[in-house]
Amino acid sequence: MSVIAENLHWGVKRKTIVSGVSLTVAPGETLGLIGPNGSGKSSLLRLLAGLRTPVSGRVEINGQDIARVGRKALSRQIAFVQQSAATDTNVTVRDVVRLGRTPHRSALAGWSAADEAAVANALDLVDMVERRSQPWQTLSGGERQRVHIARALAQTPNVMFLDEPTNHLDIHHQIEILRIVRDLDLTSIVALHDLNLAAMFCDRIVVLEAGAVRACGTPDAVLTRDLCREVFRVAADVSGAPDTGRPHIRFRAE
Amino acid sequence: MTPLDDTEGGAFRLALILGLSLFLLAFAVAAATAIGDYNIGLGTVFLSITNELGLSGAEIAPIEQSVVWNLRLSRALVAALAGAGLAICGAILQALLRNALAEPFVLGVSAGASTGAVCVIVLGIGAGGLSLSLGAFAGAFAAFALVALLSNGATSGPNHTILAGVAASQLFNALTSYIVTTSGNAQQARDVMFWLLGSFGGVRWPDFQLLLLVVIVSLAICILMGRALDAFTFGDEDAASLGVPVARIRLVLFGVTALLTATIVSMVGAIGFVGLVVPHAARYVVGPLHLRLLPACAVIGAVFMVVADIVSRVIAAQQTVPIGVVTALVGVPFFAIILYRARPQS
């Protein structure tokens, strides 16, 4: 499903955080959202997912203005994965994934075959079937993030938003999570910090700077030496790989 | 199988626990009616009740009939409802505030109620039992209104809301102390103290009818929102992304818990511990999902309170120990066992 944002503006009090962002995401595409701290990645992601209401501008998902879709109906189409959401409640993996069925169930409805199938499929996609009865508190950081993704998948969404899903994970688990996201058969929009990971796993990249889109395009078109210097304020060599279109960025210490 | 699985086994287990608890509750209420300064046999208790309900016409001494029906049964049933209500409020607030220490009085309701009660007892605003309840109720709602104002309609996040509750509690407790120390005499101070610790002494049938209505309506609303409460497991924003209307749920549930707590406190005082501990005990037995947790809290809280009331009447000869003292004395050892058994395995 396509996601189209038109001229989004948002801010807190007098401070503008997102200004004039327009973007288009094609069905099935994995879009990376990168930018320095405070550039408005998380805020833009929440505007796109309808968790915040823009001051002006609009977001269309599959041709529907999300401001006109109810919260519950919207949650059947889109899912949102926060960065390392935690809980003290004593829940199992399965309990957490079952929460993904919330928008599909009425207040007192029973557990349907469709619910069970969605949960089983979601657990399978993140390879957590065997550990479904394990308590949440005993999972490692990478496993927790996989369960969060499974919970989002149990919503059976067409579009998934992920806010820095690889935060606090070691490199193996970072790659593992992004591989899962890339291979999913749905449109995903991922906020990321690591430029190389963005280059490796995203079809297209949007670079935010001070709340506005600085650049947008394929990884090799966007991730240039000049962009690293001007937006991220680091010196770097960018070695191209013309056959893959996926550049590699080597940062310099000086 | 975990108790939380929505499998038939899980539902069976819940039904078993609820059935067992209801049976225990009936037995506890019967015992509470039989036991007292003047013990009455269980058979007489049963016949007295069926007599009053018009189901039998047994010959029973009018004094026993009156003690059973007018004093003890209404008292036991109010105790059951108060226990159920406080436990439900505790479970709701623990979920909404995402804090294991949350309990019905965390939003300042009991402090406000005590100020209201003190205004009646010490300052003599109004007179008689009804106005004591009304004063407590008004105070409770004043405190809740202050918390709602300070926390921006309870939309500012759990910790902010808890801090607003702390501020309101401190303010109203200070007001209570100020009024008692500047204008009270020793006897009044004792009355206030006794009231604050809770007592089922003065309750009668009209109290039961009012409380029954409030508890049933509150429980129904909470159960309808139970599934949405589950979605708060990972916080407000996560709940929103699962399609839950977060602001509306919070407002309605804070309102319901405030109303329920204020009603209970205005009738029987601020009985502590039940609302904190029973939800944890219930969670230990039926798991964290609210469609199971809330009914389980209601019955377990009811049984606990009725038993605590019996203990409060028999533990010291010729006098009634404040119920709040007993809930803690009975509850702490019980709670210690649960804490010990549920300790994190490392």
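Keep in mind that glycine also has a Cβ here, set from the backbone N, Cα and C atoms.
Fair warning: this is a prediction, and the values are worked out from it, not measured in the lab.
TrEMBL lists B:12-35, B:76-97, B:104-126, B:132-150, B:210-229, B:249-279, B:291-315, B:321-340 with the feature transmembrane segment.
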Feature contact check the transmembrane segment (B:132-150) with the transmembrane segment (B:291-315), CB under 8 Å, 3 or more pairs: no
Seg_contact(the transmembrane segment (B:104-126), the transmembrane segment (B:249-279)) with at least 3 CB pairs under 8 angstroms, min sep 6: yes
Beyond the flanks of the transmembrane segment (B:12-35) by 6 or more, those residues with Cβ under 8 Å of it: 3, 41-42, 45-46, 49, 68, 72-73, 75-77, 79-80, 285-286, 292, 295-296, 299-300, 302-303, 306-307, 309-310, 313-314
